[in-house]
Amino acid sequence: MGTCDIVTEANISSGPESNTTGITAFSMPSWQLALWATAYLALVLVAVTGNAIVIWIILAHRRMRTVTNYFIVNLALADLCMAAFNAAFNFVYASHNIWYFGRAFCYFQNLFPITAMFVSIYSMTAIAADRYMAIVHPFQPRLSAPSTKAVIAGIWLVALALASPQCFYSTVTMDQGATKCVVAWPEDSGGKTLLLYHLVVIALIYFLPLAVMFVAYSVIGLTLWRRAVPGHQAHGANLRHLQAMKKFVKTMVLVVLTFAICWLPYHLYFILGSFQEDIYCHKFIQQVYLALFWLAMSSTMYNPIIYCCLNHRFRSGFRLAFRCCPWVTPTKEDKLELTPTTSLSTRVNRCHTKETLFMAGDTAPSEATSGEAGRPQDGSGLWFGYGLLAPTKTHVEI
């Protein structure tokens, strides 16, 4: 980047940096800084609190410890770390254009938050793949507990490998009396190393996983939409089942679209900057970056909200987590939702419904592997738990 670069020298969240530095005189009024600080503080509080509660709901309740939910824990942990270690510190650096946090933390900021971002996206992709196998190929063997842990470990290792170049070339420099945390890329003609790394990273952390999730969820949606009980009209329980399937597809589309919308402007910002560096010389670019970075970081706080709004078990978990608040009153139903049940009739009687609901995600990963060979095992406590009672009839829990 050129000397007008205001926020990309430590581009802590996704990427590519320049091998030049420059002091920037950009500043903003105190009232404007206070507004941005309030917006970022609210983001961090919501994201950290929401994702911490999601992790607690799953790990503290045996009924929620399923294969898919372990991926959700991984996703929540990554989002929590990204909000706590990336959003706040990068906001301070972007708003002041001075690095206050030392050399060691400069290395850390160019490794761990980027790793967390990669883990977040890859965890979403793993969830999509798990849902694809559970719904499109329900009789294929499912992931065991050791396999799930191996996949999660693999995600972290790949993420660390992708983030390591930025950490390796990170350094702290002095630029006209101002301390900068920069990524000093090797000298090359025309900045090809920077551009190549930038394009590869964006492809791997955005376009590729987004394409995989789009294909997976499209096939899942088509499979659910076409799957119907033969010989019966859509009324009563069948109609409710059809409505549940539609809600399931809409939820998946919402998750993918939220991710895509939050991150697309941010990536376009850096793609444009790679080809037209003079855009960073405009005074308004500081406000543009702060807005785009807030939008990208806000993706870390939406998932807990989606879980709470669209899944009754997570909603019960959130009520239990906030039971100390005077306006939140958990019920016995909330506790029962997170307590393992021993019979299907108990669930049906408690819900006072004639519908037959089944959720194979009630078993933990270790228990799921001990079932019959070829038996469909669904590890979902979130995605409207799906399973088969018979080869000709499907059930979706809402």
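Just so it is clear, glycine is given a Cβ too, placed from its N, Cα and C backbone atoms.
The disulfide partner of CYS181, as annotated in Swiss-Prot and taken from the candidates CYS106, CYS167, is CYS106. Each of PHE139 and LEU290 belongs to a differently named topological domain in Swiss-Prot, hence to opposite sides of the membrane. CYS106 (disulfide bond) sits 38 Å from CYS324 (S-palmitoyl cysteine), taking the CA atoms of both as reference points.
Burial estimate for the recorded positions (CYS106, CYS181, CYS324): highest at CYS181, by number of other CB atoms within 10 Å.
Under DSSP, the residues of the topological domain 'Cytoplasmic' (130-149) split into helix, strand and coil as follows: 12 helix, 0 strand, 8 coil.
Classification of CYS324 (S-palmitoyl cysteine) by DSSP places it in coil, neither helical nor stranded.
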